[in-house]
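According to Swiss-Prot:
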ACT_SITE  H48  active site
ACT_SITE  D92  active site
BINDING   Y28, G30, G32, D49  Ca(2+) binding site
DISULFID  C11-C71  disulfide bond
DISULFID  C27-C117  disulfide bond
DISULFID  C29-C45  disulfide bond
DISULFID  C44-C98  disulfide bond
DISULFID  C51-C91  disulfide bond
DISULFID  C60-C84  disulfide bond
DISULFID  C78-C89  disulfide bond
Amino acid sequence: NLYQFGGMIQCANKGARSWLSYVNYGCYCGWGGSGTPVDELDRCCQIHDNCYGEAEKKRCGPKMTLYSWECANDVPVCNSKSACEGFVCDCDAAAAKCFAKAPYNKNNIGIGSKTRCQ
């Protein structure tokens, strides 16, 4: 679920940046998304959005699905047994790892309503 996703983000970036820093970033980080991703981090969010879309097609409620995971050496590791839990956990873990590798550009905060995301 989204709370667990926040924990995964903290795990992968070693606590360097709060998950809240990603809520209003670029065109895809946060609720919804449109247009072309503005950078690598925004692309991570677009991929995560698409992954959640696939989870919804499988009738897995990705924003609310609870799963089992642990932080092992700054890497989120999924331990879920059910198909839905595993799928959603994998979406979140992949995004958290992607976020940790991508540069963070403060100029891309709050641009969602601008023409760059049309």
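Placement of Cβ uses the backbone N, Cα and C atoms for every residue, glycine included.
In terms of burial and nearby residues, how do these features look in this structure?
Secondary structure from DSSP puts H48 (active site) in a helix.
When secondary structure is read from DSSP and collapsed to three states, D92 (active site) falls in the helix class. Other Cβ atoms within 10 Å of the Cβ of D92 (active site) number 27 in total over all chains.
According to its DSSP assignment, G30 (Ca(2+) binding site) is coil.
Long-range Cβ neighbours of C71 (disulfide bond) (same chain, at least 6 residues apart, Cβ-Cβ under 8 Å): G7, M8, C11, V77.
According to DSSP, C117 (disulfide bond) is assigned to a helical segment. C117 (disulfide bond): 18 other CB atoms within 10 A of its CB, across all protein chains.
The C-beta environment of C45 (disulfide bond), restricted to residues of the same chain at least 6 apart in sequence and closer than 8 Å, consists of Y22, Y25, G26, Y28, C29, G30, G33, P37, A95.
Within the same chain, the residues at least 6 positions away from C98 (disulfide bond) whose Cβ sits under 8 Å from its Cβ are L41, C44, I47, H48, listed in sequence order. Classification of C98 (disulfide bond) by DSSP places it within a helix.
Residues near C60 (disulfide bond) in space but far in sequence (CB under 8 A, at least 6 apart, same chain), listed by position: A83, C84, E85, F87, V88.
Within its own chain, C78 (disulfide bond) has Y67, S68, W69, G86, C89, D90, A93 as residues 6 or more apart in sequence whose C-beta sits under 8 angstroms from its own.
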Using C-alpha positions only, work out which of the disulfide-bonded residues C27, C51, C117 is nearest to D92 (active site).
C51
If you draw a 10 Å sphere on the Cβ of C51 (disulfide bond), how many other Cβ atoms land inside?
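For C51 (disulfide bond), the count of other Cβ atoms within 10 Å is 18.
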Check the DSSP secondary structure of C60 (disulfide bond), expressed as helix, strand or coil.
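Note: C60 (disulfide bond) is coil by DSSP, not helix or strand.
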At the level of the C-alpha atoms, what whole-angstrom distance separates G32 (Ca(2+) binding site) and C51 (disulfide bond)?
13
